């Protein structure tokens with residue numbers, strides 16, 4: 001049976017439907033009859049307080065009850081309520097009414113919690129269009145990621161005597177070990193080339209103006225190379241593998257030119273090792289870094305921002321699909337984007353130091369082209 005619905009006009013009422021007791025505008029189905037709020041309240045109070053025995057009519061019970069006269073004769077009004085079919089047994093006493101109200105509130109709260117739980121459990125997964133985007137980005141990464149999943153078998157450890165010992169009488173990371181630096185420069189050109197190739201496999205990147213492409217690549221190159229190294233951190237040997245081939249220790253990377261930046265990359269590697277990222281997640285991180293609309297000098301800011309938003313949404317939905325067993329996985333992973341941006345900024349200032357410390361002929365042309373302003 002429909003319950004009382006005061007406060008709004010229910011959809012089951014016809015437009016301008018009238019109260020069967022007094023003819024005023026009806027508000028709903030009350031105590032088995034279509035009535036107005038006034039007659040509903042009058043009938044409820046009469047029954048709850050047992051007032052009807054005290055009602056008396058001055059005109060022999062023959063009053064006409066309408067919205068003007070309804071308050072003039074309580075007896076005739078009550079008799080009409082009974083005559084049209086209002087049910088006394090449906091009127092609750094105060095204790096039952098409070099219990100019913102409490103039950104309604106509890107049910108409402110339960111529905112609210114159920115809806116919230118449903119939202120939490122049923123996190124959206126990628127749409128068909130997002131799956132297409134995810135596939136493009138993943139294939140771009142796999143095609144440009146040196147050694148792929150076989151990096152552990154293919155890597156070669158940089159000899160321990162290179163770049164391992166701290167430079168005498170120099171602040172930590174202050175001096176550059178030129179032998180280690182020259183080893184790193186051998187792999188820097190192919191590493192940069194792979195980042196460029198990754199970007200060029202993304203249609204949305206290739207559609208941007210050439211000048212914007214250059215700005216985006218110069219901005220993200222160190223960040224993406226650092227990410228690719230960090231996800232190849234090996235806790236057993238405590239090394240990172242650069243460009244999928246050269247395994248180096250923290251000290252070697254530091255003394256070979258990166259200084260304190262090496263600590264940030266190694267710390268990121270240690271942290272990411274617990275995330276168990278797959279190729280798609282690494283690829284999407286790279287795409288988010290690439291499409292950073294806050295790089296100075298860009299002309300297509302809104303377009304790039306829209307691209308990044310598309311990557312982020314697909315990324316979040318993919319994380320939902322993967323169902324990582326880590327609390328707050330998505331926000332924690334997004335923090336790594338901030339860490340990588342910081343690494344890129346630190347490397348920019350470190351590069352100036354390397355220019356002072358290392359002979360110009362040791363710098364590969366592509367290295368200078370990307371990192372010089």
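Cβ from N, Cα, C; glycine included.
Copied over from Swiss-Prot:
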- 19-93: DNA-binding region (DNA_BIND)
- 19, 22, 36, 39: Zn(2+) 1 binding site (BINDING)
- 57, 63, 73, 76: Zn(2+) 2 binding site (BINDING)
- 194, 243: 3,3',5-triiodo-L-thyronine binding site (BINDING)
- 194, 243, 347: L-thyroxine binding site (BINDING)
- 347: 3,3',5-triiodo-L-thyronine 1 binding site (BINDING)
- 129-373: domain 'NR LBD' (DOMAIN)
- 1-18: region 'Modulating' (REGION)
- 19-39: zinc finger (ZN_FING)
- 57-81: zinc finger (ZN_FING)
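Counting residues 6+ beyond its ends, the zinc finger (57-81) has Cβ neighbours under 8 Å at 19, 21-24, 33, 36, 38-39, 42-43, 46, 51 in the same chain.
For the zinc finger (19-39), the DSSP-based tally of helix, strand and coil residues reads 3 helix, 7 strand, 11 coil. Of all Cβ atoms in the shown protein chains, 30 besides its own fall within 10 Å of the Cβ of residue 39 (Zn(2+) 1 binding site).
Counting neighbouring Cβ atoms within 10 Å of each of the binding-site residues (19, 36, 57, 73, 76), the lowest count belongs to 57. Each of the binding-site residues 22, 63 was scored by the number of other CB atoms within 10 A of its CB, and the lowest score belongs to 63. Listed in sequence order, the residues of the same chain lying 6 or more apart from residue 194 (3,3',5-triiodo-L-thyronine binding site) and placing their CB within less than 8 Å of its CB are 144, 145, 146, 243. For the Zn(2+) 1 site, the Cβ centre of 19, 22, 36, 39 serves as reference, and the other residues of the chain with Cβ at most 8 Å from it are 18, 20, 21, 23, 24, 26, 35, 37, 38, 40, 67, 70. Comparing residue 63 (Zn(2+) 2 binding site) with residue 39 (Zn(2+) 1 binding site), their Cα atoms are 16 Å apart once rounded. Each residue in 58, 59, 61, 62, 65, 72, 74, 75, 77, 79 lies on the same chain as 57, 63, 73, 76 and has a C-beta within 8 Å of the C-beta centroid of that Zn(2+) 2 site, without being one of the site residues. Note: the zinc finger (57-81) comprises 8 helix, 0 strand, 17 coil (DSSP; helix = H, G, I, strand = E, B).
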